[in-house]
């Protein structure tokens with residue numbers, strides 16, 4: 001009797017485990033909690049919006065990936081199977097089929113090994129943000145691939161703040177990533193050649209290019225294989241603050257034995273002045289080199305004392321100027337408070353704009369300084385610093 005009850009209980013659990021009628025019609029494999037199910041590899045395809053897809057995927061990267069699958073991962077899967085399940089979600093374009101959340105290499109290795117099924121979990125809550133973060137952490141995802149992802153999100157109506165929160169990065173980094181879709185050819189070339197992949201360095205070069213395109217292009221051609229940010233910063237300083245020309249140094253020299261007119265040569269015994277060379281007489285209008293006065297300005301008993309600039313204390317007091325009055329309606333040092341990408345910031349008035357309509361701002365929340373289009377900046381207040 002106990003056995004019958006047990007069988008009845010098992011039967012109920014078995015019927016219950018079948019789930020809804022829609023699941024039966026879709027022929028979806030039941031997936032006990034915590035246990036992966038087996039899926040046909042032919043019912044699965046990679047996500048077409050996978051962040052690594054794009055026209056800037058290097059051939060050498062694809063070759064390395066294929067070599068890894070055919071020489072390492074594929075043979076291991078063929079002999080032992082896939083030990084780590086992949087993650088799937090429903091394919092909206094093909095009912096009953098699946099898109100890969102993550103684990104595309106394992107799926108490719110399974111196809112290469114000619115296996116019919118692969119273990120997987122279903123995660124319908126998986127988003128493209130999860131995909132972006134997953135690939136950024138595990139793979140060498142290029143900045144331009146991430147830039148296309150950001151561009152798709154912006155085109156879909158999301159703000160840079162929302163994108164930053166979704167990716168778990170700062171808004172300033174989102175700005176730098178977005179700029180990679182605007183690279184001029186000379187900067188795009190060093191990026192594609194992997195001579196420079198640092199986002200901050202690329203942003204510095206793009207800022208310099210807006211005001212000095214020819215100089216930047218020439219400078220990049222002269223640089224070694226790797227372009228460092230320190231070198232770019234020094235280059236920008238030279239562009240923005242060219243070296244000042246030193247004024248010519250004027251030297252007053254006197255040729256020995258040939259004093260000029262009115263100049264007394266102490267090295268000549270017969271030098272007495274400018275009445276004529278060797279005349280022995282001194283011109284009363286000769287200016288003394290040491291005190292700046294002529295002989296006619298001297299008293300009979302010696303030097304004439306310089307006149308005081310003020311005759312008495314009263315006259316000095318009358319000439320003394322009062323300190324300028326402070327106008328309460330004027331601001332000594334102006335701070336221009338703005339908002340950009342829904343973040344408080346201030347305009348850096350001491351930074352030279354790279355081009356008309358552009359400027360530099362400093363975010364109040366993290367202190368980052370970025371170059372922005374001033375048309376996208378909202379003026380908030382003018383305060384005294």
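Here the Cβ of each residue, glycine as well, is placed from N, Cα and C on the backbone.
Here TrEMBL flags 1-90, 238-335 as region 'Disordered'. The annotation compositional bias 'Low complexity' is assigned in TrEMBL to 16-26. Feature annotation from TrEMBL assigns domain 'ParB-like N-terminal' to 37-136. Sequence annotations record features per position, and here TrEMBL assigns compositional bias 'Basic and acidic residues' to 64-79, 238-258, 294-307, 318-335. The feature compositional bias 'Polar residues' is assigned by TrEMBL to 308-317.
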Model confidence over the domain 'ParB-like N-terminal' (37-136), as mean pLDDT, sits at 84
Summed over the domain 'ParB-like N-terminal' (37-136), the DSSP helix, strand and coil counts are 43 helix, 22 strand, 35 coil
